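According to Swiss-Prot, the ATP binding site annotation covers SER9, PHE10, HIS17, GLY93, LEU94, ARG95, GLU103, VAL128, ARG129, THR130, ILE131, THR132, ALA133, THR134. For SER9, LYS41, VAL78, ARG92, the entry in Swiss-Prot reads substrate binding site. What Swiss-Prot records for HIS17 is site 'Transition state stabilizer', and it gives sequence analysis as the kind of evidence.
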Amino acid sequence: MTIAIYAGSFDPVTNGHIDVLKGALRLADQVIVAIGMHPGKKPLFSFDERVALIEVSAKAVLHKDAARVSVIAFDGLVIDAARKHGAQLMVRGLRDGTDLDYEMQMAGMNGTMAPELQTVFLPADPAVRTITATLVRQIASMGGDIKPFVPVAVAAALNTKFKS
């Protein structure tokens, strides 16, 4: 069985993340969405909220394939989380050349530390290429319409966060 790990902060999960997740499911039997926990960062959504939003969004978009997705937390190196969960592939989404430059550096470092783990780059669909979680949070905080950029449940959760 092929297991892929897809790591990020997912604060919040966006349509771009879901696009990468769909691509990962075409490559692997099981995809682990690994939410990085950084003690120095204060995310908008708690870990439990992010797990719930990823799971609800996956079910809404992926239907029966959502059963092939699990969500975990990790702190430290993603290669350690990948090893712990038996992943052979590390999936990374690419929006543009800037992402590619950064991800190539990371793939090189990860490849040196974990040669058994293959990094796979998935180019973003043009329809979601401009979406970032940071921009989504900024737009939502200013009362803008974020529905084109995030799953329905995420839009509702963001609207609730910024109305309170």
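Glycine is treated like the rest: Cβ placed from N, Cα and C.
Overlay of Swiss-Prot annotations on the structure.
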residue	record	Cβ within 10 Å
SER9	ATP binding site	17
HIS17	ATP binding site	25
LYS41	substrate binding site	9
VAL78	substrate binding site	21
ARG92	substrate binding site	22
LEU94	ATP binding site	17
GLU103	ATP binding site	16
ARG129	ATP binding site	15
ILE131	ATP binding site	20
ALA133	ATP binding site	22
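Checked against LYS41 (substrate binding site), the binding-site residues SER9, HIS17, ALA133 differ in C-alpha distance, with SER9 being the nearest. Taking only the Cα positions, the spacing between LEU94 (ATP binding site) and VAL78 (substrate binding site) is 18 angstrom. Under the three-state DSSP scheme, VAL78 (substrate binding site) falls in the helix class.
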